[in-house]
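So that you can see what the record holds, here are the features copied from TrEMBL:
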TRANSMEM  B:12-35  transmembrane segment
TRANSMEM  B:55-77  transmembrane segment
TRANSMEM  B:89-105  transmembrane segment
TRANSMEM  B:111-131  transmembrane segment
TRANSMEM  B:143-163  transmembrane segment
TRANSMEM  B:204-223  transmembrane segment
TRANSMEM  B:251-272  transmembrane segment
TRANSMEM  B:278-297  transmembrane segment
TRANSMEM  B:304-326  transmembrane segment
TRANSMEM  B:332-351  transmembrane segment
Amino acid sequence: MTNNKTPYAIELRDISKRFGAVQANKDICLQVPAGTVHGIIGENGAGKSTLMSIIYGFYEADSGHIEVDGQIVDIRNSQDAIKAGIGMVHQHFMLVENFTVLENVMLGAEGGALLQQGMDAARAELKRLAHEYSLDIDVDAVVEELPVGLQQRVEILKALYRGARILILDEPTGVLTPQEADHLFRILRSLTEQGVTVLLITHKLREILASTTNVSVMRQGEMVAHRETANTDKEELAELMVGKKVRLKVDKDEATPAEVFLSAKHLSQLDSQGVKRLKDVSLELRAGEILGIAGVSGNGQSELLNVLSGITPLDEGEIQFAGQTITASAPKNAAELRDLKMAHVPEDRHKMGLVTGFEAYEAAVLGYHNSDAYNGKILMNRKAMLEECNSRMAAWDVRPPNPHLKTANFSGGNQQKIVIAREVEQNPDVLLIGQPTRGVDIGAIENIHEQIVKLRDSGKAILLVSVELDEIMALSDRILVMFDGAVVGELDAKDADERTLGLMMANAYNEDQKGAAQ
Amino acid sequence: MSQAKVPVWVNVGLIPFINIVLAFLVSGLVFVAIGQNPIEAAGYLVYGAFGYDEGVGYTLYYATNFIFTGLAVSIAFKAGLFNIGGEGQAYIGGLGVGLVCLSLDHSMPFIVIMPLAIIAAALFGAAWAYVPAYLQAKRGSHIVITTIMFNFIASSLMVYLMVNWLKEKSGMAPNSRTFEENAWMPYLHNMLSPLGIDIGDSPLNGAFILALICCVLVWALIWHTRWGYQLRTLGTNPTAAKYAGIDTAKVTIWVMLISGGLAGFVGINEIMGVNHSLLLNFTAGYGFAGIAVSLMGRNHPIGIVLAAVLFGALYQGGAELAFEIPTITPEVVVVIQGLVILFSGALEHMFKGRIEGFFIRRAAAQEK
């Protein structure tokens, strides 16, 4: 490496980027010393992803320039970025699932018309890289058979194979268990020891503190602060992110669980390929409590929500709700369950909770569109819909409070408020709520959490699914942990800590004692 | 946020207008290539379509068919379904009209025959759409494939019925006998002449009024009923439709029934309104043109009426043009129609981004 003559592996000078009327990045300056892990933190929509896309050549900046090792580089596409030694590990892996590790790594760099020669060379190079950076992996394993943590390792190897000296990781821990995440951070540390520079994009404060050397904070398209990680803390970073003091705790009293509102016994569900996605899940949901479902995403939580809310039929087991017994042979669909006062805030508001092409007042009645309140004899009562939408927007502080704005044009937090308001204002007995604050900024998170607790205190039953452990621990009164479609643990929220939950989420709690030492 | 900044008139007015102008410019080049003066040709075309009362009548008569098939395509499209089967549904709808007229014209007055014929057109068209709809909703067979297949089946079925059962006994041609006059849809010029309004003789008939009523009904149905709400939800976000507890199979089948019924109304215009007998191939591609009309009209009834009038004008003006300049064959007119479809349908996004970008930047500049 020759970069010790320049202090910075990568330097950004006055990068600006505008999309239409939106200034996504404004005069961004950033200096990243070689061999460090540099965190970039900010709320969703703060401009982190845009900035990284500029560095990796997906977008071109309107003004400003990028220097790598002190040289100005002109990056117009991802090939240019790779040539400049920049590699990217995307949040959603860009791997061919039924290829082997080796085939994935050499994809796009096959070298020659015949495959064999390139394969031999790649195999040798991969071995060297794996050894040098201690990234052990079976190069002949098929990618889809690897756990996500290892798939991510393949992505990192792919970037290194292409000669990356600067590695960008975009929200790398979204799909990982806490243990896998810790492992990733160890890998990153050993990479930096070899002179690789890492840019880590995340909105999780814990990870920044656990893994970075320096951290930069973005807010509304601007870099608002640079800190040495050792000299800052969670509270300061959170404050910088949102620009005001926030609480990371939720104020709530002891729960007073009463009668069982919903009970599920031995639920199982198969997907279209015949794979069991839910395995013998039983749970009881009581009035006046928040039952949290923790788990790494993709371990059956979505299927559980879909089965409970009537979106997908169940294959085995039964659900008791509102005096009705629901089984495979006597199913109830989502509309029928709504009539029995079950509300559902789905995990993915874009795919499921909203119709983004609808105006807000239309999206605000989705699922309740047959209700007498919104209908005349033949035509829908547009006036009633608008009035209700207006009053809800005021009550829930939806911005802008314009019922005619297309749902797609609201920010994530405001979209979520539209969905939650719709479901909560129906005064349901049971609220199923998935990822209530995904992609929502901290100010709105607080508001949403307060509303959930308020609903609980009014004697309703709430089932909360979230992949954010902080959220599960802050809100829940009781926690179930799911792994591979089954419930693998139950905890009182008072006894829960991140480590226990993390081990349960990886289904490693029982072997925990021997692993505790590390 | 970008969409919000583009004025509505740009999307519904300016962009289609630019596309059509371009289509005509390229058509002009075609005329130059075959040695004709494009300005002169354009003059004949416009005069033929709009220049005199009878021409306007013909234009609107053609437009009537396009409104029916355009609405049929658009309502299915609103639910996310691509109904390519308008041609066959119109054909079978016409069969229904013909059967009602042939069996009742000796015994019933017009006031009985007309509503029955309208119901028959809708029922027969809907029935022809039902099988593909059922297969899509319950079995997952793709509606594009099945509706195309049903066009061929309709065509063969009609030939069989005409030749073997419905042909006039004495005649050689596969046509039924001509209906008695009490089974004719009255011409608009006959309806208006008692009021002292003279619009010139043309095939324009009562079906045109039915078409306009259908526009209003379809508009109200899609945007102002809970049923329309469900079909729009299904069309834009099927997952959200499931989440909302909407019975997607039921909505799919119903919307296709309505779509087929609308296409079937072509039979009212053609069989009851103009030909006054049942015959082969009266649909003449109106069902397929409906796809272009719906695309161009942005799946909105007002847009569909405008696009239908444009297509009607091309049919009528084109016929006039081929008559006035013998070197311009009807095929050249089809080329013009093809270019209009190409530019306003297939290439509709060619300028969209740039034009919208211009207005977004302008809006942004004004904000400052």
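Every residue gets a Cβ built from N, Cα and C, even glycine.
Scored by C-beta pairs under 8 angstroms, the transmembrane segment (B:204-223) has its highest count with B:251-272, from the stretches B:12-35, B:143-163, B:251-272, B:304-326, B:332-351. Below 8 angstroms of C-beta separation, residues 61, 64-65, 68-69, 71-73, 75-76, 78-79, 81, 83, 85-87, 89-98, 101, 114, 117-118, 121-130, 132-134, 136-137, 143, 179, 183-185, 205, 207-208, 210-211, 214, 218, 221, 227, 230-231, 234, 241, 278, 282-283, 286-287, 290 of the same chain, each at least six residues beyond the ends of the transmembrane segment (B:251-272), sit close to that stretch. For the transmembrane segment (B:12-35), the partner stretch with the highest count of Cβ pairs under 8 angstroms, out of B:55-77, B:111-131, B:278-297, B:304-326, B:332-351, is B:332-351. As a quick check, the transmembrane segment (B:304-326) and the transmembrane segment (B:55-77) clear the bar of 3 or more Cβ pairs under 8 A, pairs 6 or more apart, so the two touch. Sequence-distant contacts of the transmembrane segment (B:111-131) (same chain, six or more residues past either end, CB-CB distance under 8 Å): 83, 85, 88-97, 99-101, 104-105, 146-147, 150, 154, 182-183, 185, 206, 210, 253, 256-265, 267-268, 272.
Contact between the transmembrane segment (B:89-105) and the transmembrane segment (B:332-351) does not hold: fewer than three of their C-beta pairs are under 8 Å, each pair 6 or more apart in sequence.
Listed as Cβ neighbours of the transmembrane segment (B:143-163) (distance under 8 Å, sequence separation of 6 or more from its ends, same chain) are residues 81-85, 87-89, 91-92, 95, 128-129, 131-133, 135-136, 174-176, 256, 278-280, 287.
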